[in-house]
């Protein structure tokens, strides 16, 4: 049995995409990728390689595994899920949803994703929302429906008057039966386990690097 790893999650989402493409005839432009928490990692890795993707939804996304724990300013080789470097490669519309009271992944991660997105869509900052309860906020489903309705339209018509429409507007029927929303790590419990596993590995790697640095300094001093 394969052990959980960053690369295996990339292989998983790639396999699902190939299944949609080859087994169901779905095209890039028919697919909306949805990544929650650590699921934003494989989601953005795939999105950065699909130039004709319909859209991406990032739900409480992480900038990288290391950045969840430490406010580092650059990407290190041993970091995992370096979304901060990949979000800038995504060409389709991006919706970011994040809770302002998130105690697992600070809301600043979501805000930076939105700032770095090429094609920004109106973000949703849920006041008082935590890491695993955003679906319970009425604004969540309304905003998500509005986003899907918007990206169904041709690019030239996507934002004409869209912000003036009521947030209570119902989701329009999909134009194609192959319009699919693919969720990455959608279930809360799976997300929690994945975050704990991946961040623990990242923490051990950082501690190992720091210990090597201390030993090097000690050898210099004793020399």
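Placed from the backbone N, Cα and C atoms, the Cβ positions cover glycine too.
Remember, TrEMBL labels are computer predictions, not curated facts.
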Scan 184-203, 204-223 against TrEMBL and say which stretch is down as region 'Disordered'.
204-223
Looking at the ranges 129-152, 153-176, which is given as region 'Disordered' in TrEMBL?
153-176
